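J.: Here it is, the structure, as structure tokens.
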Amino acid sequence: MIESNDYEQERLKNIRENERLMKELGVMGGSSTIGGPSSKRTTPTKPKKQATPKKKPDTTPTRIMPSRSSARLAGHEADSETLKRKYEEEAEEARKVAEAAKRARHQPFDLSGMTGGELEEEAIMALESTLQGLANNTSSAAELVDTKDENKRRSANKPDPQFSTERRELEDILNKMTLKSAAKVTPKRIYSMAYHPSTDKDLVFVGDKEGSIGVWDAAPVAFASNRNGVKTADDQDEDAEERFPEGKAWTLQVHARSPVTCIKFDPVNHNSVLSSSYDSTVRKLDLATAKSEEIWAGEEDVLLSIFDVLSPSTHPSVYMDTPNPSLDERSMWIADHRGGLLHIDLRERTRRGNNTRRWQVCEKKIGAMSVNRLAPHCIATASLDQHIRLFDVRALASVVKQTADAPYNYKGVDADDLESAQTKAQFASSKARQACTSVDFSPRGDQLVGVSYDDVVKVWSMEPGSLFSEHGLKNRIATAKSNKPKGAVKKQVPDSASDTGPGLLSWLSRATPLGTKKDVAEAIKQEQDAPSPSLSKRPDDVLANPTRIPHNNQTGKWLTLFRAKWNQNALLEPHFTIGSMSRRAEVYAADGTLLRSLWDENLVTAVPAVTCMHPVLPARLVTGNASGRCTFWSPDP
């Protein structure tokens, strides 16, 4: 206690001594008197004007799963059987909902059913007005092929395409192409695309990963920054992608929640949009009535890869009463994931399941297929077994056994049926080092382009008159003899006709359709009496010596596989388009020359895996990527 008092007295003594010294120095005011830090003087500043935030549509995703909650606060034990059972029931319910969404919808739908009632009345009216009258200014297949000049092109020596007039004209118009509009058309990854043949509108139909078909009117709409037409500071700070024209886009739920693998227009009526999906159905969207209906359905577990429909102006046999699977204009060919080719006659009322004619032509999945326009009995396939094959479907119909039930996998394929198809109906094949993903015939029928996963694009040149198999040729001769009336005298046809196929080009060159039964009978007889091509004139290997184009095709898991597509206007210099891993859309000539590479550093930030061109007008290209975004390129006026 005494020590603490001594300490306190010493402390107080020091305080008094310090105060005395500070009084003598005159600094009793503390640190403020001796120049210590003082508070800063605040000068009034002009208040900063806050930028008015731009109103954006609410894009907050709807939460599907329930909100997280505490099981402890709810009174559940950590290893409660009741809680486990609850979670299992919720998972099972979610699985059933997902499976039901992927299950095919066989009923017809109107516009409100395809939009789910989410579109406003004004948007629906705008869509209906866009779809009306699209087929008024479209061109038929016969108008796109100048067949009288085609014989001269085949017989004459072709000049070097580097110096040809057609090549220079094509390069000139391709070099004028610029990006006109860009927009998000579908909610998910784009799988397929088709350009409407109308010359009045740039209307594109886009299929995505979950059964939606986006309708995009790609015509650019002028951007208005504000009501007065004067850009403000806020407008200048906006991203260029938001200011860029987008056109108009609508989304229709045509199929179930499965990828739309192929979209094509009916060659008879361009107001009908045909589409296939992994839900194993083919549906028709009527643009005039804005209704969708199913036209064919297969087995639920057999996925559809691609299809093609024969054009009525390809041959006169469309007028025959008996459907011919190689020449009927209402014939649809479908390739599936089990290695099968299916033939459908659209005039048949029953078009479901095992009633369809099917042939097992490949061991594994067929990823792509194309029907030759000038030789419709020839079908090219690209499959997972690393082959591109050419088949004569006349031999399929006559000597190859049909396989109504698709095998579950490649182990269930009947070896005898497969060997019969590949030895009797197949007449050419080309093997790649890895899987083949794309194949497409040119509109002139004399060139074929294929894409494979070994980073190469191949282009073959061929004569349509040499695209046949021995058994297919025998079938044609037998059919002609059986259909020929007694006492008929064979017409003398010039030898040059045999070089281009049995009456196909002459049929295409007709300016007027056949109006009477007599004209129809004469046209059919002319095709039947045409001299048959000879096996001795056909090359030993039709798919030999292709033009090889190095191309990175490693799209991986999250991108749609690249597909090379020819421009369908046969009057132009042959050229095709394909996507690129360098985020460019590329245009190639038939000889492998890169004619144009399209890219915009500000607006194209993803790989444009899917491409398509206008079938009539030159240099009009649309691309699509994995986010559902499309770009539209066309020449400057």
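For all residues, glycine too, the Cβ spot is worked out from N, Cα and C.
According to Swiss-Prot, the compositional bias 'Basic and acidic residues' annotation covers 8-23, 74-91. Taken from Swiss-Prot, the feature region 'Disordered' covers 1-91, 144-168, 482-508, 525-549. As annotated by Swiss-Prot, repeat 'WD 1' applies to 185-226. The repeat 'WD 2' annotation in Swiss-Prot covers 255-295 and rests on sequence analysis. The repeat 'WD 3' annotation in Swiss-Prot covers 297-321. Taken from Swiss-Prot, the feature repeat 'WD 4' covers 361-401, and the record attributes it to sequence analysis. Look at Swiss-Prot and you will find 431-470 tagged as repeat 'WD 5'. Per Swiss-Prot, the feature repeat 'WD 6' maps to 556-598. Feature annotation from Swiss-Prot assigns repeat 'WD 7' to 602-637.
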J.: Between the stretches 255-295, 361-401, 431-470, 556-598, 602-637, which wins on the count of C-beta pairs under 8 angstroms to the repeat 'WD 1' (185-226)?
T.: 602-637
J.: With DSSP as the reference, give the number of residues of the repeat 'WD 5' (431-470) in helix, strand and coil.
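T.: For that range the per-state counts are 4 helix, 19 strand, 17 coil.
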J.: Of the residues in the repeat 'WD 4' (361-401), how many are helix, strand and coil by DSSP?
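T.: Each residue of the repeat 'WD 4' (361-401) counted once, the result is 7 helix, 18 strand, 16 coil.
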J.: Is it the case that the repeat 'WD 4' (361-401) and the repeat 'WD 5' (431-470) touch, counting contact as three or more CB pairs under 8 Å in which the residues of each pair are 6 or more positions apart?
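T.: Between the repeat 'WD 4' (361-401) and the repeat 'WD 5' (431-470), contact is present.
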J.: As a quick check of your reading of DSSP, tell me how many residues in the repeat 'WD 2' (255-295) are helical, how many are strand and how many are coil.
T.: 0 helix, 23 strand, 18 coil
